[in-house]
Amino acid sequence: MKLRTRKASQQSSPIQTQRTARAKRKYSEVDDSLPSGGEKPSKNETGLLSSIKKFIKGSTPKEERENPSKRSRIERDIDNNLITSTPRTGEKPDKQLSRVRRKSPVNGEAGSYEMTNQHIKQNGKLEDNPCSGSPPRTTLLGTIFSPVFNFFSPANKNGTSGSDSPGQAVEAEEIVKQLDMEQVDEITTSTTSANGAAYSNQAVQVRPSLNNGLEEAEETVTRDIPPLTAPVTPESGYSSAHAEATYEEDWEVFDPYYFIKHVPPLTEEQLNRKPALPLKTRSTPEFSLVLDLDETLVHCSLNELEDAALTFPVLFQDVIYQVYVRLRPFFREFLERMSQMYEIILFTASKKVYADKLLNILDPKKQLVRHRLFREHCVCVQGNYIKDLNILGRDLSKTIIIDNSPQAFAYQLSNGIPIESWFMDKNDNELLKLIPFLEKLVELNEDVRPHIRDRFRLHDLLPPD
């Protein structure tokens, strides 16, 4: 039985070999005809049916290649349109764009602006790139210098201390106008009344000292002050009769001493403010001299000044401004002499970012000015910044303040020495003229207020009740 089986296996081996070879060839043909889409294998076909199947087989993978379900990370990074916040035109930059974040001028939300889309001009003025799709960036100067004063009128003289007037909202705009309209003499500083009309602060302050007659004063009025009632025609301009009729009335309403007369009293909270200065030491002089900065010791401008003594940049509201500084004649001589007998305190209504940097240049070692106070130390009364000397924590009987604006020391009029505003006069000697009187006050070693009151008689300039 076994022998017969062995013979059968030996005899069938060639036949089995042939069958295996045929099966391999047949499997190879079927494998070549398998579709890539996973369809069932079929026999080789010819004719119309074969052509249709070939067309289907060839188009299906092509659609998949055109719309792949996933892309590699490298392919996604090439498409920059997926990561840009604003559309760009033109060629793409070779290097990565630098971005800055700033508050939106409309609603205060933070937004990203590409600095490559704009060209920065001098003092923060920006020029839009015509090839950019980003929104233009707007800037506002604000008030880094001492703000101008808003005078009281009968409509708002009963305001409370610390309340803001409507004019404060357009304060920055008026400062910008002042800088743009700065003349050669540079003595025009505009203010804003409660109803938004612009008035010349400097013209009001200097007018009592003018000796050129009423015609020159009227010319100043017609140039700087718009009429309140008289209509304006292109042929006639402002009515001269109206200027004559209302000159004294305007002077009474917008007199700085009218402002002082009707300034509201300090609130309980303001009276109890914590002193901003440290206690005196043994080396501190007994008397304190408070000095204003702008138009008292220096004159600064954002417009380029050919005769500027120094210039420096200031970063304010994300914009860099170049500040040009003129020093008042005898500025350093005055400080060097007074610092030997007085505790010099600089008290300005300007922003700290500007005033502090300027003082670091003028007095880097703080040998002349011992302390510095800024706008945040002032009292805001209807948009006006007043320097209340109580914040010093010093004996007011031995404290003196020098300021070109009498309104600044409205709460301590007997401690204040007014000085003429300075802008560019190289022959000015007002600082030198004050030295003998200041030295005498120290020698007397008495209450300085009666002597200041008798010398400058500012109370006599207040309007009657």
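Cβ atoms here come from the backbone N, Cα and C positions, even for glycine.
Matching 218-239, 262-283 against Swiss-Prot, the residues noted as region 'Disordered' span 218-239. Of the residues Ser104, Ser153, Swiss-Prot records the annotation phosphoserine for Ser104. Around Ser51 (phosphoserine), taking its Cβ as the centre, 11 other Cβ atoms fall within 10 Å, counting all chains.
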